[in-house]
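**Q** Input: one structure, supplied below.
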Ligand SMILES: C[S@@+](CC[C@H](N)C(=O)[O-])C[C@H]1O[C@@H](n2cnc3c(N)ncnc32)[C@H](O)[C@@H]1O
Ligand SMILES: Nc1nc2[nH]cc(C(=O)O)c2c(=O)[nH]1
Ligand code: SF4
Ligand SMILES: [Mg+2]
């Protein structure tokens, strides 16, 4: 029990859940049910969901209830995000989802050790709190947020930590997109192992 949150993952602080289209990265364009867990201590100054940071503001919800909600939708994939979802033990939630034939995708900074059983791991490491040891080996996708020029070198350092099959994405920080996109475009043309990821849901005006 940490802050009244059971460590077996049976109850999780749920900020919001919504059925939408994955807007970012490899799975862009696919229908998915998003489960956003509250709590994050990474502290990215440009984070687009700062309301998620304080776990205590988000009601503890049973993992069974979350699965029951996810099951109602025709899209058979969930994205577990936050906040930082790996603050919690996700073994129980992901096992139940998979029992129901639902694909499990995660969005994580990697700041905490991996738990859960995943069909797709998007690792988006942050300068503000380094990824935990070995998490890079689990990444199917490395998604680096580009806030300034120095982030390209930082991206390459992280690319050296992931496996050969890991997809590599550069995603502009939303408020810096205008300035960073021309640099990202040139970078990808010169270094085609990288691809561009955009937050397409923000252009589409969907959650
Ligand atoms: C809000 S985070 C939650 C999951 C996890 N804490 C993480 O950072 O990966 C979801 C995704 O949004 C990205 N993101 C957050 N704020 C952003 C911003 N202002 N511009 C672009 N991407 C952003 C993160 O890097 C991450 O890939
Ligand atoms: N449509 C949509 N796609 C997303 N991909 C990652 C998101 C996130 O906040 O984790 C996100 C989100 O908030 N909405
Ligand atoms: S790690 Fe993710 S949720 Fe936490 S502050 Fe950074 S972008 Fe926001
Ligand atoms: Mg988002």
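Glycine is no exception: its Cβ is also placed from the backbone N, Cα and C atoms.
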**Q** TrEMBL has 46, 47, 48, 124, 125, 126 binding S-adenosyl-L-methionine. Which one of 75, 83, 101 is in the same site?
**A** 83
**Q** For the binding-site residues 46, 81, 207, which residues place their CB under 6 A from an atom of ligand 1?
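**A** If the test is a Cβ under 6 Å from any atom of ligand 1, the answer is 46, 81.
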**Q** In sequence order, which same-chain residues at least six apart have a C-beta under 8 angstroms from residue 207 (substrate binding site)?
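**A** The list for residue 207 (substrate binding site) reads 18, 20, 34, 201, given in order along the sequence.
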**Q** Near ligand 2, which of the binding-site residues 36, 46, 48 have CB less than 6 Å from any of its atoms?
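**A** If the test is a Cβ under 6 Å from any atom of ligand 2, the answer is none.
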**Q** Where the criterion is a Cβ under 6 Å from an atom of ligand 3, which of the binding-site residues 40, 81, 126, 207 meet it?
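**A** Within range of ligand 3: 40, 126.
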**Q** For residue 124 (S-adenosyl-L-methionine binding site), which of the binding-site residues 21, 22, 40, 44 has the nearest Cα in space?
**A** 44
**Q** State the Cα to Cα distance, in Å, between residue 44 ([4Fe-4S] cluster binding site) and residue 81 (substrate binding site), rounded to an integer.
**A** 15
